[in-house]
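Student: Sequence annotations record features per position, and here TrEMBL assigns domain 'DUF5580' to 39-117.
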């Protein structure tokens, strides 16, 4: 395990099943490290398994909030043979904790993040941080299911995207289609 990854794990509470109390904001470099580790752990995962996990969790999500308890997410992943080791699964989930309900995780964004990591598998680890639209909660299942087939886009780090969209009542994603569009 790299020292940088170990430092990220130190951001998590000591208790085995605990997440952070607020969404974890990572730098671009830290996000890259997490994406690389997720790809390393799940490199050969069939992406349709993510759809199965989504459908399972969505069946229990009556109001389509996209939120679930961390334990339910882990159980659904394990049921579909998606084995993300404990500190890494907690780290990824901590990035997508609901600010309004800190005990719940946005499973749609977690699954989108994992899917984005897997999309880099054929690119010789030439990671491109993905667009926030892939992390945003859709309001309808059909549009979310279609998002698995959308092309990957370049973007800023999660922390920068959250700051850019954190205005009062603002939930619009930030789109960057080319390197030239990225802020300096």
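The backbone N, Cα and C atoms fix where each Cβ goes, and this holds for glycine too.
Remember, TrEMBL labels are computer predictions, not curated facts.
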Student: Can you work out the mean pLDDT of the predicted model over the domain 'DUF5580' (39-117)?
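Tutor: A mean pLDDT of 94 is what the model gives the domain 'DUF5580' (39-117).
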Student: Mind checking how the domain 'DUF5580' (39-117) divides into helix, strand and coil residues in DSSP?
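Tutor: Reading the DSSP string over the domain 'DUF5580' (39-117) gives 47 helix, 7 strand, 25 coil.
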